[in-house]
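Q: Structure in structure tokens, see below.
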Amino acid sequence: MTGAVTIIGGGLAGCEAAWQIAGRGVRVVLREMKPQRYSPAHHLSGLAELVCSNSLRGESLENAVGLLKEELRRAGSLIMAAADATRVPAGGALAVDRELFSSYVTERIEGHPLIELVREEVTELPAEGVLVIASGPLTSDALAERLKQITGDSLYFYDAIAPIVAADSLDSDKVFRASRYGKGDGDDYLNCPLSEEEYERFVDAVLAAEKVPARDFEKVVHFEGCMPVEEMAERGRETLRFGPLKPVGLTDPRTGREPHAVVQLRAENREGTLFNLVGFQTKLTWPEQRRVFRMIPGLESAEFVRLGSMHRNTFINAPTLLEPTFRLKGDPRTFFAGQITGVEGYVESAGSGFLAGINSARLVRGEDPAVPPPVTALGALVAHITTAPARHFQPMNVNYGLFPPLEGKVKKKDRRGRLAERALAELDHWLATV
């Protein structure tokens, strides 16, 4: 294919994609609706606006997001250059001055000779040319209607995220494997049994826990079929026990009896290193989630690799729709990038923009698509987003539970360092080819 690549959306992913495409000698038309029109959450006229926190999270390679940052730095990321140039003191985290950050990105985009910035709302998808859709979690209604034409029923408007825990942080003396009534393979779920006393204490804690207040543009949301656990508890003390915590069809091998209540954990990935709390979508604050959910037997020392949330979020079912290159299956000219792909987080969005950018440029240049090695942070995230079980797909941030295991025995305290070391070595080899 020839000509310019059109990018819809001037957020982190769209700007990163534009930078990578232009850096490979391909023209870009970047279309951003601000300041002609603002979403309910945006206020700055500049590009790459950080809507929520000004933190890009941890810097250490002990955190997978810290590793992803380092990978993007090595890959020549515009977003990471902007973050490093506009950082503010934040301990072990990378936080930025959000206005300076936006200005930095805007100036670089506007100053690049191969990038044309068009500030107007997109309501129709271009019929020709390579396209990167990076319209973000607050995609306008008009554009969302057009996206339905290419995504069908696989376009969602709200997420309902349950917490995810690392399997190796669970207490195996308390948790048992079983499926309700022995269905499936008979041991598909991990089960945390609660006595009546433990259940009552848990309900009390849920009812008393602090909740995240809804933002103005989220207050009309009705979560059909995925009510927050705290709202279920408010309906009555037994509601949870007849809902997600129902014990029927399960026998605690320690007692030989049906527990009073059971919290079920379902595998989040094929390797079985991550498990989500089934039915535990919630709007409790993150500190309260850690405190309250660690009251569940077996989860006392649980490592939460993702905490629960429920908010406005336009995203597609990536396992159904996307190739590992972030190209749309069945439509070789269209790519997706950013939170609309189901990645969660600023850095993850930039990473997806990087990959969609280099692959759309490679398409224009007649080159084969590139997929990062699965042992890298970017590769592990891409592999999860595009191969996770489609039926239960929800947005995901990068975490070490997504990575392929190391070969041989490695002490737990050394594991993350070794994963990071392996990732960066493989990344350097891969970058030399793209």
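Cβ coordinates come from backbone N, Cα and C, glycine included.
This is the feature table in Swiss-Prot:
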BINDING   Gly9, Gly10, Gly11, Leu12, Ala13, Gly14  FAD binding site
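I would like each feature placed in context: is it buried or exposed, what are its neighbours, and how far apart are things?
A: Reduced to three states, the DSSP call for Leu12 (FAD binding site) is helix. All protein chains considered, the CB of Leu12 (FAD binding site) has 34 other CB atoms within 10 Å.
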Q: Taking the Cβ of Gly11 (FAD binding site) as reference, which residues of that chain separated by at least 6 in sequence fall under 8 Å from it?
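A: Within the chain, Gly11 (FAD binding site) has Cβ neighbours under 8 Å at Leu47, Ala48, Glu49, Ala134, Gly136, Gly338, Ser349.
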Q: Among all protein chains shown, how many Cβ atoms are found within 10 Å of the Cβ of Gly14 (FAD binding site), not counting that one?
A: 30
Q: Using a Cβ-Cβ cut-off under 8 angstroms and a sequence gap of six or more, which residues of the chain neighbour Gly10 (FAD binding site)?
A: Leu30, Arg31, Glu32, Lys34, Leu47, Ala48, Ile109, Leu117
